[in-house]
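So that you can see what the record holds, here are the features copied from TrEMBL:
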BINDING   89, 122, 185  Mn(2+) 2 binding site
ACT_SITE  91  active site
BINDING   122, 157, 435  Mn(2+) 1 binding site
ACT_SITE  156  active site, proton acceptor
DOMAIN    207-356  domain 'Peptidase M20 dimerisation'
């Protein structure tokens, strides 16, 4: 691949303000334009491209916006070769230079080997790196060692509207002959050492409402003669987790997969400077003093976070109000083999028990508003072995075998629906700042990442 050519295409793609988060017609048109650019690029490789119309989305204010098409593309259908499907997305988070960007977020700018721009690492750069790998074989008149499929969407940052339905619908069609699925939509845990990701946590999001009445009270008129909803809610939220980060809900750890000796060794091998990580996170102190403990609590143990209180007075100044109705929001990051419906029952039972002990006359209601499963892959699958070999060839080192503490629903959707091996092969460094100001991908990561994908095709073909 000519690095200059790859950079020119990245520049062209970054220039498109394909923001899916803000539901406005101008940005939706930019998203549609972005998908057309990708279709054209894939057709230029000789791929058969189907842009599946996903219809439109009706917003609460009544306006209707088009949902960008999902691209299904394929290159080669030789039954003797393995078929590798790549998932990526071309929509981005909002970005404005006024929010603290050093450069225009939609103009690709190189500074000291870093390519700055919205979408460079999440996820336009990795999508193009995969395309670059395919086009290298084309440019050299070499036969592709694998059949390639692409599924590329434009609504990932807004919750992947309609994607799951399409995957289910195409299980016996587009995906019927897929052997391996590769996602490149996360980051290394290091600035210089590559990684393979084999698991993510799930998420259960809860709302707990405590209500006395719809109106607020004056604390001079009512303070001292009623059960205040805020006091009830603070007690409930305070009963969920202790100061060491341990969740206090009875039974919550019962189904967490036990730690194996092999897994412990994998954590020991990970390249992480705890002091540097603490410093870059601008933290005084973490809850754990060793790399292994910290990573395990980030990736393979559940965590509970309290996010906010709706209905409380949170403006500057002093207001002597007793809120009449408040809603606390918290979530639990789930890990294998926790069962979401069991967790929901445990949470409700614990909060109901805690609330009953307060003898409050207020009403409490609990609801789980979001439930996303954790994902874990089998790292002995051929494609993990192929990716390790490709990384060793290009980077000269074994990858860190890592998990991700956040939730990436698409991995679980693919694995549960298509029941084929799913692997996350990140290209970006830990400091790329996806979703943040000054998002970037290193020129080195982008070019070497394209080489890794090409080497991966060769290694998969050898192992299949």
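Cβ coordinates are placed from backbone N, Cα and C, and glycine is handled just like the others.
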Rounded Cα separation (Å) that holds between the residue listed as 'active site, proton acceptor' and the residue listed as 'active site': 7
Secondary structure tally of the domain 'Peptidase M20 dimerisation' (207-356) (DSSP, helix then strand then coil): 56 helix, 29 strand, 65 coil
Residue among the binding-site residues 89, 435 whose Cβ has the most other Cβ atoms within 10 Å: 89
Among 91, 122, 157, 185, the one of these recorded positions whose Cβ has the fewest neighbouring Cβ atoms within 10 Å: 157
Cβ atoms near the residue listed as 'active site, proton acceptor' (within 10 Å, other residues, all chains): 23
Pairwise Cα distance for residue 435 (Mn(2+) 1 binding site)/residue 185 (Mn(2+) 2 binding site) [Å, integer]: 12
Between residue 185 (Mn(2+) 2 binding site) and residue 157 (Mn(2+) 1 binding site), the C-alpha gap once rounded to whole angstrom: 11
